[in-house]
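If you look up TrEMBL, you'll see H66 marked as active site, proton acceptor. Sequence annotations record features per position, and here TrEMBL assigns Ca(2+) binding site to D67, V70, G72, D74, S76, E88. Taken from TrEMBL, the feature disulfide bond applies to C35-C115, C68-C73. The feature domain 'Plant heme peroxidase family profile' is assigned by TrEMBL to 25-143. Among the features that TrEMBL reports, signal peptide is placed at 1-24. Under the heading site 'Transition state stabilizer', TrEMBL lists R62.
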Amino acid sequence: MTSSNNSFVAIFSLLLLSTMQCHAQLSSTFYDRTCPNALTTIRTSIRQAISRERRMAASLIRLHFHDCFVQGCDASLLLDETPTIVSEKTALPNLGSVRGFGIIEDAKREVEKTCPGIVSCADILAVAARDASTLVSEFHFFT
């Protein structure tokens, strides 16, 4: 294929992709019926962790990034190592650079008390990162 053909294919592909409709299923009200206190419970847990250690906000955002980086946001970073599974927690790129696992586990434990088996770890991790980013301004880090 010539370079002009390659360029045409690339431009055509971009135009085709830009005209496709996307039907996102993400919603901040997803758990309103099945676990109405989920977001409040997560926010409370994250707020407590950040008030104890301000740097935890950045750590939770980084934890979410590392989870989403390779194959999507699936909470696989939270899985512990087993004899048959090599954990992402101990993978060289993450070793010593990500932290906050216990904070997510605490939030999950609190959510499970009111809504067992409803809210996924991936959702808790995403909400924790969202809340951490908004809580940063509330704690006035630069005062």
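Yeah, the Cβs are placed from backbone N, Cα and C, and that goes for glycine too.
Here the features listed in TrEMBL are painted onto the structure.
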{"residue": "R62", "record": "site 'Transition state stabilizer'", "Cβ within 10 Å": "17"}
{"residue": "H66", "record": "active site, proton acceptor", "Cβ within 10 Å": "17"}
{"residue": "D67", "record": "Ca(2+) binding site", "Cβ within 10 Å": "25"}
{"residue": "C68", "record": "disulfide bond", "Cβ within 10 Å": "18"}
{"residue": "V70", "record": "Ca(2+) binding site", "Cβ within 10 Å": "12"}
{"residue": "C73", "record": "disulfide bond", "Cβ within 10 Å": "16"}
{"residue": "D74", "record": "Ca(2+) binding site", "Cβ within 10 Å": "15"}
{"residue": "S76", "record": "Ca(2+) binding site", "Cβ within 10 Å": "17"}
{"residue": "E88", "record": "Ca(2+) binding site", "Cβ within 10 Å": "20"}
{"residue": "C115", "record": "disulfide bond", "Cβ within 10 Å": "16"}
Residues satisfying Cβ distance under 8 Å from C35 (disulfide bond), sequence separation of at least 6 = V111, T114, C115, I118, V119
Counts by DSSP class (helix H/G/I, strand E/B, coil) across the domain 'Plant heme peroxidase family profile' (25-143) = 64 helix, 0 strand, 55 coil
Ask   = Given the model, what does the mean pLDDT over the domain 'Plant heme peroxidase family profile' (25-143) come out as?
value = 89
Ask   = What is the separation, in Å, between the Cα atoms of S76 (Ca(2+) binding site) and R62 (site 'Transition state stabilizer')?
value = 14
Query = What is the number of other Cβ atoms found within 10 Å of the Cβ of G72 (Ca(2+) binding site)?
reply = 9
